[in-house]
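Participant: Pasting a structure here, questions to come.
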Amino acid sequence: MSHLSQQRICSGENPFACKVCGKIFSHKSTLTEHEHFHNREKPFECNECGKAFSQKQYVIKHQNTHTGEKLLECNECGKSFSQKENLLTHQKIHTGEKPFECKDCGKAFIQKSNLIRHQRTHTGEKPFICKECGKTFSGKSNLTEHEKIHIGEKPFKCNECGTAFGQKKYLIKHQNIHTGEKPYECNECGKAFSQRTSLIVHVRIHSGDKPYECNVCGKAFSQSSSLTVHVRSHTGEKPYGCNECGKAFSQFSTLALHLRIHTGKKPYQCSECGKAFSQKSHHIRHQKIHTH
């Protein structure tokens, strides 16, 4: 440490102040690094992929992802990491430590980023917007997966029948058709599900739990997707547009029903007289003619 730096520590002198937040620093170089966070300047670019960073130390860490260099090893399982913070996060899996707790429901997480993503289930916030159709998402990874719909990319293929999907989760759902496996069973009624998330949603029927609340009117829902659709009744958002006539809808299912007007598809047929209908509700209403 230089004599000048020691003098500043002793005297309490910190002459370099951030004009944005007022935070003070003893060195101009430290202030300059701090200011990058405000103006989002990212002068340090990765030569491999072009990704930019605000500080040199971050680009050096990032470059390890390209070289495959993994110097830090977990003592429990032997898994290795190129960055210390990734190792520390990983080790919490073994210790069971979950320091980041949601103030709304008490659910705890290993990483702060996971807590932030979870909190959006309570607020309904979806900051990631698709440039093609305007649909919004709570996580960037969800947006990335959704965008494959527009470019027609379907990298996930079923080994059984060859059907391809744009998102891995849809492939996993589809594969249960072939296996018929339903490992997740409800303790209340015995109903079984192929996915854990489906069981969690189902259990709320018994518990009456509705964790997703509308910030506008206070109405609560058991599923985040139901809240998303409901919020559109306040905002007027209609992200699903018909390519034939331009009419827009707040729900994809409503668009699917509407498209049958153009295609003439009528999948619901009366077993009594053979008359066909485009909507299930119309089919049910018609059947009452035969029962009376």
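Here the Cβ of each residue, glycine as well, is placed from N, Cα and C on the backbone.
As listed in Swiss-Prot for this protein:
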{"type": "ZN_FING", "residues": "16-38", "note": "zinc finger"}
{"type": "CROSSLNK", "residues": "Lys28", "note": "SUMO2 cross-link"}
{"type": "ZN_FING", "residues": "44-66", "note": "zinc finger"}
{"type": "CROSSLNK", "residues": "Lys51", "note": "SUMO2 cross-link"}
{"type": "CROSSLNK", "residues": "Lys56", "note": "SUMO2 cross-link"}
{"type": "ZN_FING", "residues": "72-94", "note": "zinc finger"}
{"type": "ZN_FING", "residues": "100-122", "note": "zinc finger"}
{"type": "ZN_FING", "residues": "128-150", "note": "zinc finger"}
{"type": "ZN_FING", "residues": "156-178", "note": "zinc finger"}
{"type": "CROSSLNK", "residues": "Lys157", "note": "SUMO cross-link"}
{"type": "CROSSLNK", "residues": "Lys169", "note": "SUMO cross-link"}
{"type": "CROSSLNK", "residues": "Lys173", "note": "SUMO2 cross-link"}
{"type": "ZN_FING", "residues": "184-206", "note": "zinc finger"}
{"type": "ZN_FING", "residues": "212-234", "note": "zinc finger"}
{"type": "REGION", "residues": "212-292", "note": "region 'Interaction with TERF2IP'"}
{"type": "ZN_FING", "residues": "240-262", "note": "zinc finger"}
{"type": "ZN_FING", "residues": "268-290", "note": "zinc finger"}
Participant: Which residues, sitting 6 or more apart from Lys51 (SUMO2 cross-link) on the same chain, put a CB under 8 Å from its CB?
Facilitator: Glu45, His62
Participant: Fill in the CA-CA distance, Lys28 (SUMO2 cross-link) to Lys56 (SUMO2 cross-link), as an integer in Å.
Facilitator: 16
Participant: For the zinc finger (72-94), name the stretch out of 44-66, 156-178, 240-262, 268-290 with the most CB-CB pairs under 8 Å.
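Facilitator: The listed stretch sharing the most Cβ pairs with the zinc finger (72-94) is 44-66.
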Participant: Which residues of the chain, 6 or more past the ends of the zinc finger (156-178), have a CB below 8 A from one of its CBs?
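Facilitator: The answer is 145-146, 148-149, 194-195.
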Participant: Go through the chain and flag residues at least 6 beyond the ends of the zinc finger (268-290) whose CB is under 8 A from any CB in it; none is fine as an answer.
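Facilitator: For the zinc finger (268-290), the list is 257, 260-261.
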Participant: What is the interatomic distance between the Cα atoms of Lys173 (SUMO2 cross-link) and Lys157 (SUMO cross-link), given in whole Å?
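Facilitator: Counting only the Cα atoms, the answer is 12 Å.
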Participant: Please list the DSSP helix, strand and coil residue counts for the zinc finger (240-262).
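Facilitator: For the zinc finger (240-262), the helix, strand and coil counts are 11 helix, 4 strand, 8 coil.
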Participant: With a Cβ cut-off under 8 Å, give me the same-chain residues at least six positions beyond the ends of the zinc finger (240-262) that come close to it.
Facilitator: 133, 229, 232-233, 278-279
Participant: Write out the long-range same-chain contacts of Lys56 (SUMO2 cross-link), meaning residues 6 or more apart in sequence whose Cβ is under 8 Å from its Cβ.
Facilitator: Phe44
Participant: 10 Å Cβ neighbour count around Lys173 (SUMO2 cross-link)?
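Facilitator: For Lys173 (SUMO2 cross-link), the count of other Cβ atoms within 10 Å is 14.
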Participant: Measuring Cα to Cα, how many Å separate Lys157 (SUMO cross-link) from Lys169 (SUMO cross-link)?
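Facilitator: Between the Cα atoms of Lys157 (SUMO cross-link) and Lys169 (SUMO cross-link), the distance comes to 12 Å.
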Participant: Does anything in the same chain, at least 6 positions from Lys169 (SUMO cross-link), have a Cβ under 8 Å from its Cβ, and if so what?
Facilitator: Glu145
Participant: Could you tell me how many residues in the zinc finger (72-94) are helical, how many are strand and how many are coil under DSSP?
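Facilitator: Breakdown, helix to coil: 11 helix, 4 strand, 8 coil.
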Participant: Inside 10 Å of the Cβ of Lys157 (SUMO cross-link), count up the other Cβ atoms and send me the figure.
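Facilitator: Its Cβ shell of radius 10 Å holds 12 other Cβ atoms.
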